[in-house]
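Scroll down for the structure; my scribbles are underneath it.
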Amino acid sequence: MKRVASYNYKIVCMVVMTLFVYGYSAAAEQIAYTITVDLNGGGNFTTVQSAIDSISPPNHNWIRVFTQNGIYREKVTIPKEKGFIYLQGKGIEQTVIEYDDHQATDISATFTAFADDIVISGITFKNTYNIVPNNKREIVPAVAARMLGDRYVVTDSSFVGLQDTLFDGKGRHYYKRCIISGGIDFIFGYGQSLFKECTLNMTLGIYAPDNPYGTITAHQRPSPSDEGGFVFSDCTVTGVGKTLLGRAWGSNARVIFDRSRLSDVVLPIGWDAWRAKGNERDLTFVEAGCTGAGADTSQRVPWLKKLSLSEVDGFASVSFIDQDGWISRFPIEGGP
């Protein structure tokens, strides 16, 4: 009996310790140290890329790369083995990372993140190729940011381009209070992403006024069971020019606008099946509880999907991307 009691005691201790460790890991993790980037030489480095290069792989501790005021004209890449980076700027007007490149979406991006577990705050990412004054260039893909890892939180940041601005390639991503500007497919990819309180700014009427209309989103999923989708909750659609809310980059595309404000830049038809023509039944394009001059759905495409209130709420909740509670462990100031 003593052996049994001793064995049971050990089991109880192991369970208690497991619960303690789990509870500890669920709390927000701390930043191990901060690297400062300053164009004027007042920090550890003068470029963002050199700061990232200084981090030894593989990295499993949160490291903040704090970037001071300035326009950093460089391409920045976070490689796969360098996760747990908190890229923080002074604000979208103060800290700008920009570059002038175009064509292939896999090489033109100003900013690319391959790693998992990334936090970004207070930075503008810009591809200037199509948005220079008096632009006479042909409009081509020119990516501002390419997000290719899992578990990203991006707050109070801006993405600026014209065609293919934000490549939300894959993974679970949470964007809050961000501004995304562009004219053609300016949020595109296969991602599983929630956009909260963001502004989608149509600029085709500024940089390419001869184009009749643009498109905000271009999404696709590889299969009906894939959990991906772009969900815009409490967002604002505004700008200059006319636009569709989205078009299907492929079958099974899923884009949901929930309780968002749609200005008159939105065309009455709203959506385009594009590469899923003939398979419209497989698309999940949804508008729920939206307001504004562009929110009238009476002339929308006939295959616009209708979901129940509970279904929409499920997509618009943080749980859509955060089933395992990863956001609560991120070192986010003020919470997500």
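Glycine too: its Cβ is placed from the backbone N, Cα and C atoms.
Secondary structure from DSSP puts D164 (active site, proton donor) in coil. Under the heading active site, proton donor, Swiss-Prot lists D164, citing similarity to another entry as support.
A strand conformation is recorded for D185 (active site, nucleophile) in the three-state DSSP classification. Residues or ranges marked as active site, nucleophile in Swiss-Prot: D185.
Feature annotation from Swiss-Prot assigns substrate binding site to R247, W249. Neighbours of R247 (substrate binding site), defined as other CB atoms within 10 A of its CB across all chains, total 23. Mapped onto three states, the DSSP output places R247 (substrate binding site) in strand.
What Swiss-Prot records for N44 (among others) is N-linked glycosylation site, and it gives sequence analysis as the kind of evidence. Residues near N44 (N-linked glycosylation site) in space but far in sequence (CB under 8 A, at least 6 apart, same chain), listed by position: I35, T36, V37, A51, S54.
In sequence order, I179, I180, S181, G182, T238, G239 are the residues near N201 (N-linked glycosylation site), counting only same-chain partners six or more apart with C-beta under 8 A. The secondary structure of N201 (N-linked glycosylation site), as reduced to three states from DSSP, is extended strand. The N-linked glycosylation site annotation in Swiss-Prot covers N201 (among others).
What Swiss-Prot records for 1-27 is signal peptide, and it gives sequence analysis as the kind of evidence.
When other Cβ atoms within 10 Å of the Cβ of Q163 (site 'Transition state stabilizer') are tallied across all protein chains shown, the result is 25. The feature site 'Transition state stabilizer' is assigned by Swiss-Prot to Q163, with similarity to another entry given as support.
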Note: in the chain of W249 (substrate binding site), residues six or more apart in sequence with C-beta under 8 angstroms of its C-beta are D185, F188, A218, H219, Q220, W274, R275
Inter-residue C-alpha distance, D164 (active site, proton donor) and R247 (substrate binding site) (nearest angstrom): 13
Could you measure between Q163 (site 'Transition state stabilizer') and R247 (substrate binding site) for me? Cα positions, answer in whole angstrom. 14
